[in-house]
Amino acid sequence: MDGITNVMEYEEIARQKLPKMVYDYYASGAEDQWTLKENRNAFSRILFRPRILIDVSKIDMSVTVLGFKISMPIMIAPTAMQKMAHPEGEYATARAASAADTIMTLSSWSTSSVEEVASTGPGIRFFQLYVNKDRNVVVQLVRRAESAGFKAIALTVDTPRLGRREADIKNRFTMPPYLTLKNYEGLDIGKLDKTDGSGLALYVAEQTDGSLNWKDVKWLQTITSLPILVKGVLTAEDTRLAIENGAAGIIVSNHGARQLDYVPATIIALEEVVKAAQGRVPVFLDGGIRRGTDVFKALALGASGIFIGRPVVFSLAADGEAGVRKVLQMLRDELELTMALSGCRSLKEITRNHIVTDWDVPIPRVVPRL
């Protein structure tokens with residue numbers, strides 16, 4: 001697909017191509033969608049302080065995540081039901097991630113199973129987990145992910161109930177009948193059916209465990225040796241609790257602004273979490289990234305890497321695997337350019353001094369005497 005010059009352009013193509021119910025499911029946020037807009041807008045309140053006359057002829061963007069070396073700090077977040085976007089769905093995304101030498105996170109609610117995604121070939125993959133009321137289902141899913149070679153569990157902790165997504169209620173969202181949540185096939189649990197409101201909200205109410213708490217994070221460590229990333233942390237308090245309860249890393253996320261509206265943008269919440277973590281575990285950012293400049297800003301605020309969600313499903317809808325590959329390449333190229341123009345040759349050279357935010361205390365200016 002020619003003529004695409006940035007990640008945002010894929011959204012409009014996806015909107016034109018997809019059925020309204022599907023596009024709205026991917027694109028919308030909770031209630032007033034204030035946080036949805038803020039996830040993007042907040043990046044514009046961070047400006048660069050570039051350093052000049054530094055030899056940037058060679059730039060290294062590689063990073064190690066949970067012991068795995070990848071080509072760049074840009075990874076794929078879990079997004080549900082990717083075959084609604086494109087017939088190849090998660091297969092295409094897995095191949096694109098592998099080609100870019102980065103990590104893909106597979107959603108529990110994927111339309112391809114952990115085994116099917118593993119069959120696409122080598123690649124470093126994480127598995128996103130929703131904790132089902134039936135703990136035997138959880139044990140089976142985690143064991144299958146382990147057997148299929150997945151390297152970490154991303155435990156989503158911000159969904160004791162589904163947020164109020166009014167587009168889904170209006171559209172009476174349900175999954176197309178020819179698709180299934182493949183990871184749950186053969187398990188005796190409910191189906192995502194048509195209702196008067198959002199079929200997904202009803203499904204979540206029936207299946208996911210609203211009693212989930214820190215004890216369950218400990219329990220999860222007894223059933224798997226895989227590292228556990230806690231996804232959905234926005235505060236210093238929960239950061240400290242996550243570390244106390246054995247989290248191997250934290251993903252600062254507001255669920256793509258789809259859960260509680262009027263929480264801060266993730267880029268705003270990031271620094272509080274990073275400071276509370278005190279370097280004990282890596283902190284990652286999920287939400288609102290559309291440019292290489294956004295990635296740089298997150299790294300400058302202390303993130304060890306970032307995850308992208310909507311850009312993946314929109315580019316998948318527009319152009320399949322080639323679309324996802326192009327999104328990853330464009331973000332990589334933009335990050336490399338931002339690093340060069342800021343005077344940073346490696347990720348460790350990106351510091352807090354490379355940015356200024358509108359929440360920084362102003363530096364007192366010394367006025368020279370006349």
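In case you wondered, yes, glycine gets a Cβ from its N, Cα and C as well.
Over in TrEMBL, the protein carries these features:
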- H255: active site, proton acceptor (ACT_SITE)
- Y25, R165, H255: glyoxylate binding site (BINDING)
- 78-80, S107, Q128, Y130, T156, K231, S253, R258, 286-290, 309-310: FMN binding site (BINDING)
- 1-360: domain 'FMN hydroxy acid dehydrogenase' (DOMAIN)
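Annotated pair P78 (FMN binding site) and R165 (glyoxylate binding site), C-alpha to C-alpha distance, rounded: 18 Å. Of Y25, R165, H255, all annotated as recorded positions, the residue with the shortest Cα distance to T156 (FMN binding site) is H255. Counting in whole angstrom, G288 (FMN binding site) lies 16 from Y25 (glyoxylate binding site) by their C-alpha atoms. In this view, G309 (FMN binding site) is surrounded by 23 other Cβ atoms within 10 Å of its Cβ, with every protein chain counted. A distance of 10 Å separates the Cα atom of Y25 (glyoxylate binding site) from that of R258 (FMN binding site).
In the structure as shown, the Cβ atom of Y25 (glyoxylate binding site) sits within 10 Å of 25 other Cβ atoms. The Cβ of S107 (FMN binding site) lies under 8 Å from the Cβ of P78, T79, A80, M81, Q82, Q128, each on the same chain and at least six residues away in sequence.
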